[in-house]
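Engineer: The following block contains the structure, expressed as structure tokens.
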Amino acid sequence: MGTPPRTFLILGCFLTGPLLTLCQLPLPTIVPNRNEMVVQLNSNFTLKCSGDSEVSWQYPVTEGSHRIDIRHEENNSGLFVTVLEVGNASAAHTGMYVCYYNHTQVEDGEVEGKDIYIYVPDPDMPFVPSLPEDQFILVEEGDPTVIPCRTSDPSAEVTLVNSLDKPVYAFYDSKQGFVGNFLAGPYTCKTMVKGVEFKSDEFLIYILRATSQLPVEIEALKTVYKTGETIVVTCVVFDNEVVNLQWNYPGKVKEKGLIKLDDIKVPSQKLVYMLTIPDVLVKDTGDYECTARHATKEVKENKKVVITVHDKGFIHLEPQFSPLEAVNLHEVKNFVVDVQAYPAPKMYWLKDNVTLIENLTEIVTSSNRVQETRFQSVLKLIRAKEEDSGTILWLLKNEDEIKRYTFSLLIQVPALILDLMDDHQGSAGRQTVRCLAEGTPLPDVEWLVCKDIKKCSNDTSWTLLTNNISDIHMEAHLDERNMVESQVTFQKVEETLAVRCVARNDLGAVTRELKLVAPTLRSELTVAAAVLVLLVIVIISLIVLVIIWKQKPRYEIRWRVIESISPDGHEYIYVDPMQLPYDSRWEFPRDGLVLGRILGSGAFGKVVEGTAYGLSRSQPVMKVAVKMLKPTARSSEKQALMSELKIMTHLGPHLNIVNLLGACTKSGPIYIITEYCFYGDLVNYLHKNRDNFLSRHPEKPKKDLDIFGMNPADESTRSYVILSFENTGEYMDMKQADTTQYVPMLERKEGSKYSDIQRSVYDRPASYKKKSLSESEVKNLLSDDGSEGLSLLDLLSFTYQVARGMEFLASKNCVHRDLAARNVLLAQGKIVKICDFGLARDIMHDSNYVSKGSTFLPVKWMAPESIFDNLYTTLSDVWSYGILLWEIFSLGGILYPGMMVDSTFYNKIKSGYRMAKPDHATNEVYEIMVKCWNNEPEKRPSFYHLSEIVESLLPGEYKKSYEKIHLDFLKSDHPAVTRMRGDCDNAYIGVTYKNEDKIKDRESGFDEQRLSADSGYITPLPDIDPVSEDELGKRNRHSSQTSEESAIETGSSSSTFIKREDETIEDIDMMDDIGIDSSDLVEDSFL
């Protein structure tokens, strides 16, 4: 049997294949004969390949593509057969399977043969796993590339996204992936399987730029080393990573050195190669070179660095100055030293063995590296001083060597004359002039004289002195301070001459001059100098006295009238009291006024007890209080007192204020005549009745009296002004002044102008005609009998009356500014009256007042806005009202016990500190205090609401009793009331009403006034029309007969005369002598 012809053909091709390219075998065949096939997941499949020569398989190699078995089979037909079997197929087996002849050449990883593409769809792995090297894609710039994100399912829809998760549009082939031109960067493929999104591995495309050169840099941390250290050299290749790098260095032959690819930074396209040589020797000195070659192009680049290795460290100095340096005073000078050293040395500057610290204010040292082994150190003198002279040492040291450099610093100082003085020696005319000079170098001293004083301004008039002159002697020497002391002695000075001392050194010359006076002229100059000194002392003393006088506090009225300038009333201005009118109806004749004891005296004036004759028909004789200034008062204080008078005339009458009765403003000092209050100020009254109060209220134990700051038995230590009847202080001179027309006072019995008023009927409380109330306490609230003592209802009554009085002031737009218990007086019947007693109080020595500039302020009573912002309103008076309540219910205790008025006090007030509840206050009363002390003024209650609140705490009958007394007061012929009506009869100012309707109008006007108390505008009471002349005549005819009866019916200000126990017959006789019927003598019960 012969060989088949096909066998010979194949054998012939093998023999001639290398020589004959036209002899080619047919492609192998694959069974199944398909281009692609889909295989179910986890199934088995078999591929059989046959060909005319030995064949092999090329199949996908990915992670998980194992379980592939290849075997060869015999075939009778002479074909070569190879079988590929895959068991448990997975998505990793998806790919191209190629059968090829063994002799086929492989080009770029691909072979020529028969192929079939197998899909193994896996819903849990839609993308075929890829090898790590397939995820980094290198591509030449401008060439297309393939992103091999293949799917295991041919029907899958795939999207390509970039690093920003934005889609990239390109052609997609499930067998290859995305094909196109892409920018450098990372890419990811996405697909959806049954509503679930899957992502492929990230593929990084790196573009190789077409370049004709390789940017290469070589870097060395150091170029100088010493033996035993480690050399580190780095070679950096930019812009292209496909390079081959080669090192050349002295130790390369012995393979000494470690080469490492440090890192790859794709964004900057940089490759870093590091050469490390440990334990270097001197012979490692030389060139270190790196050469980079492009992997695909004929591009080459090399760089080198010279490395020097020393046996040990070294220091070489190069100072830029000499061992002796001279610097002028105040000059700025730099001393520079250049250094070559390795390792880097530590450098120190020392002066006189003391280390100089860097960055001093006047000597600055600095050191810096110029190059790798070159350094520079600088010592800088800033405005050189004399004490900078000395020895300067510059010290350098490193691990292997120490070097020093020393130089001397000399500060050159210009010549300076420290002193030039003359020494008088006896009366014969011998005088010595001494000149003390210094400088560096030491100066030379010369002496010159000028005998013609008028021409001494010309240098040619000066003559140089020498020792050749017979009556002149000169000498010089160094003193213990190394200063030049030169002196010249003149044996006789017969006339005035000028002497000049000249000190000169290398930096210049200075001169000083003095005049030598003949002994005969010296005594005259001494007298003139003494007179001049005395004149200067007198002028300075006058200036000091004027300053002290101007800084002395001036009297100013605390009450102020305000006028709103904004709709909400929050903005206001003070009304100038001097612009208010003064009605002459208030004028009272001086001869109708007799002055008595001083009730109170202050820095600016005093309040005197007095007796007024003829203020009203029902009260021909009335005890009054007279306010006046001291004789030393200044014009500004007189103007302030006149302002107070005008404000009081503007306010009008009210039961709970100290009412104006009259005034004396003409032909003499200003007198303000006001009501007299029997019990004095409220503080004094509370102190005196404290024990009585505690005995009536045993539930209030007598605790330690720290809150009062005193011993109860020692009332002399109180800081309040007590309105006692002490005969202290001087009376104001009532005699006629030299420069003014003065109306003398009407002389009474025995011609006395000043009457020492005894305790008589005017001291006795009057009685009121009022209904009996159901409760005994209410009966005594407005009682005239002082023996009833002090009760808690009395304290509430005082509180209520003050609120009503302040409500009245607020309705008149009047701000008190000093509301305190010391400025609240108590009249008969326990009627409270608000006043301003500042004139009669020595506020400069009163601990309740704190100095603020040229004035004194009651800080503990003031609202925060008044203390810190100088803002005074009715609402700031509300704060003071709360403080007053604390005084009342502590029975006159000291405010803020234990606290001084200092920065701590102010900070506590700002932070919300408030006083605790006083011992005798109820919770309701303390709640009123807290409301008054609200830090926000607009949240404080008005006086109208305060009176309503306090009224609710009093018995129901109290308001009726109070309103009756108040109404009776407004109906009475009290001088404060009658002078506000019209001037109906010049001879008699009495009760002149048309009818009772006007009285009702006044009542209703008062109610309206209360409702408008916080309106911010002045709301005067309605005027009362006078009665007709006929009706007036009828009333006047009966007035003398019914004065007592009418006084009792009014129940307000008059009561019949009743002799008191301490009253004498002489008092009655005195009134009879002046023509006053004692039966007609009445007294205002509110005084």
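Positions of Cβ are set from backbone N, Cα and C atoms, glycine also.
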Engineer: Return the single candidate from CYS435, CYS450, CYS664 listed in Swiss-Prot as disulfide-linked to CYS501.
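Structural biologist: In Swiss-Prot, CYS501 forms its recorded disulfide with CYS435.
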Engineer: Check Swiss-Prot and name the cysteine among CYS13, CYS99, CYS149 that pairs with CYS49 in a disulfide.
Structural biologist: CYS99
Engineer: What residue among the glycosylation sites ASN458, ASN468 has the most other CB atoms lying within 10 A of its CB?
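Structural biologist: The most densely surrounded of these glycosylation sites is ASN458.
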Engineer: Which one is it, among the recorded positions ASN102, ASP818, TYR849, that lies nearest to ASN458 (N-linked glycosylation site) by Cα separation?
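Structural biologist: Closest by Cα distance to ASN458 (N-linked glycosylation site) among the recorded positions ASN102, ASP818, TYR849: TYR849.
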Engineer: Over the domain 'Ig-like C2-type 3' (213-312), what does the predicted model average in pLDDT?
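Structural biologist: Across the residues of the domain 'Ig-like C2-type 3' (213-312) the model's pLDDT averages 81 on the 0 to 100 scale.
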Engineer: Measuring Cα to Cα, how many Å separate ASN468 (N-linked glycosylation site) from ASN88 (N-linked glycosylation site)?
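Structural biologist: Rounded to a whole number, the Cα-Cα distance is 137 Å.
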Engineer: Of the recorded positions ASN44, ASN75, ASN102, TYR849, which one has its Cα closest to the Cα of ASN88 (N-linked glycosylation site)?
Structural biologist: ASN44
Engineer: Between ASP818 (active site, proton acceptor) and TYR849 (phosphotyrosine), how many Å separate their Cα atoms?
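Structural biologist: Cα of ASP818 (active site, proton acceptor) to Cα of TYR849 (phosphotyrosine) measures 10 Å after rounding.
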Engineer: Distance between ASN353 (N-linked glycosylation site) and ASN75 (N-linked glycosylation site) at the Cα atoms, whole Å?
Structural biologist: 107
Engineer: In whole Å, how far is ASN102 (N-linked glycosylation site) from ASN75 (N-linked glycosylation site) when you measure between their Cα atoms?
Structural biologist: 18
Engineer: What does DSSP say about ASP818 (active site, proton acceptor): helix, strand or coil?
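Structural biologist: DSSP call for ASP818 (active site, proton acceptor): coil, neither helix nor strand.
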Engineer: Please report the distance from the Cα of TYR849 (phosphotyrosine) to the Cα of ASN102 (N-linked glycosylation site), rounded to the nearest angstrom.
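Structural biologist: Cα-Cα distance, TYR849 (phosphotyrosine) to ASN102 (N-linked glycosylation site): 121 Å.
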Engineer: State the Cα to Cα distance, in Å, between ASN44 (N-linked glycosylation site) and ASN102 (N-linked glycosylation site), rounded to an integer.
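Structural biologist: For ASN44 (N-linked glycosylation site) versus ASN102 (N-linked glycosylation site), the Cα atoms are 26 Å apart.
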